[in-house]
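K.L.:
Mind looking over this structure? Questions follow.
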Amino acid sequence: MRLNSIDILRALTMVFMIWVNDFWTLDNVPKWLLHAKASEDYLGFSDIIFPLFLFIVGLSIPFAIKNRLKKGDTRTSIAKHILIRSFSLLFIGVFMVNYETAFSEGMIIGKYLWCMLMAFAVFLVWTHYKRSPIPKKWHLPLQIFGVLIFLFLALIYKGGADGEHWMRPQWWGILGLIGWAYLANALIFLYARGNFAVMIAVWILFNVLSVLAQTDFSLELNGGLRYFSTVVGGTIPGLTSAGILASLIFEKYVKTSLKQVYLILTVLGIICLVYALGTRPIWGISKLRATPSWLAVCSAMGFILFAVLHYIADKKKITKWAKIIAPAGTATLTCYMLPYIIYPLRTFVGFTLPDVLNTGVIGLLGSMVFALLVVAITGWLEKKGIKLKL
């Protein structure tokens, strides 16, 4: 089963992600649109985009795993697939986050060319070659070439203020965090056989861990275990487990009453909002501090948006309005990676817009045009058979 609502929610989220990621090129962006600082107790619009994507990852997990089981895949083969996808996300995420802290003057090619080669390597390694126009004899050589580019980029990398350190996981980057959330939730769902009660317990557990992470009772991991701190922190995987719960509620009650599905999702959203209001005075609400109230508010948004979009796109079949952004929902990784090629290219050719087009409302509209242009390029590539697939 493929729901239009999930594809549309994913597409909307990706368009807004590209839009807010372009704010760094603008001046006089309203504060409410920007990320809040770690010391601030509020959410900017930019702070709700990434968590919605984590929620959408969760929405897709039950459908994806059940489809593979129906095709005859074993749980072992599915687990292997989950591990490969998770490692791929972590791998790309680490490269992307290290680009942000690269010491350009210390590298032989500079950080912008480094970034463009990184994105190019991602396309070489993870293009869905089976559906591409590229002859089969070139598939493996191109992937090997991509791996060699990654190796080269790693060898020449210098990071930090003075190039004093090599590549580090840091905070794993957006894709890396998605990788951790996907890994934990997909494996639990797989081996719990999608049990409704178990997944509710997992969702509650991650919310409890999110609370503990703000207290003296937080779990401290040492040595190699510290790499799993994202999962143990609870907040990031908790957003994905909320998405899984939403899908399971849909599957459990859709055949009896859609109204019941919408009611349960709405009630869950309200409960999360009340919980957020209750925990905010204690720990504040902050994306950067991954507070329980941030988890709760964004989970509430996910539950309610899924219900609303399902009613519009799947029940009423009103989907034409979303056609322009459809590629962002079906070739999402391709869409996300393209700016990492476009921005360096703009730097190399010296392309800049007049200041009047980079300021205030006009600048915001220009950034939205840029986001839609990225989606259009993604759609064009998809039609040509070029699409990333982990």
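Each Cβ is built from the backbone N, Cα and C atoms, and glycine gets one as well.
The domain 'Heparan-alpha-glucosaminide N-acetyltransferase catalytic' feature in TrEMBL is assigned to 2-154. If you look up TrEMBL, you'll see 7-24, 44-65, 77-97, 109-126, 138-157, 169-189, 196-215, 227-250, 262-282, 294-312, 324-342, 362-381 marked as transmembrane segment.
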K.L.:
For the transmembrane segment (324-342), what are the same-chain contacts with Cβ under 8 Å, counting residues 6+ beyond its ends?
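P.N.:
Non-local partners: 6-12, 14-15, 17-18, 21-22, 96, 99, 115-116, 118-120, 122-123, 126, 175, 372, 374-379, 381-382, 386-390.
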K.L.:
Restricting to the same chain and to residues at least six past its boundaries, which positions have a Cβ under 8 Å from a Cβ of the transmembrane segment (169-189)?
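P.N.:
Distal contacts: 50, 53-54, 57-58, 61-62, 65, 79, 82-83, 85-90, 92-98, 101, 198-199, 202, 227-228, 230-231, 236-237, 239-241, 244, 336.
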K.L.:
Taking the transmembrane segment (7-24) as reference, which of 196-215, 227-250, 294-312 has the most Cβ pairs under 8 angstroms?
P.N.:
294-312
K.L.:
Restricting to the same chain and to residues at least six past its boundaries, which positions have a Cβ under 8 Å from a Cβ of the transmembrane segment (227-250)?
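P.N.:
Non-local partners: 51, 54-63, 169, 172, 177, 180-185, 189, 194, 196, 199-200, 202-203, 205-213, 219, 221, 261, 264-265, 268, 290-292, 294-295, 298-299, 302-303, 306, 310.
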K.L.:
Cβ under 8 Å, sequence separation of at least 6 from the ends of the transmembrane segment (294-312): give me the contacting residues as numbers and ranges.
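P.N.:
Contacts with the transmembrane segment (294-312): 3, 5-6, 8-9, 43, 47-48, 51-52, 55-56, 59, 207, 210, 234-235, 238-239, 242-243, 246, 250, 258, 261-262, 265-266, 268-273, 275-276, 279, 285-287, 318.
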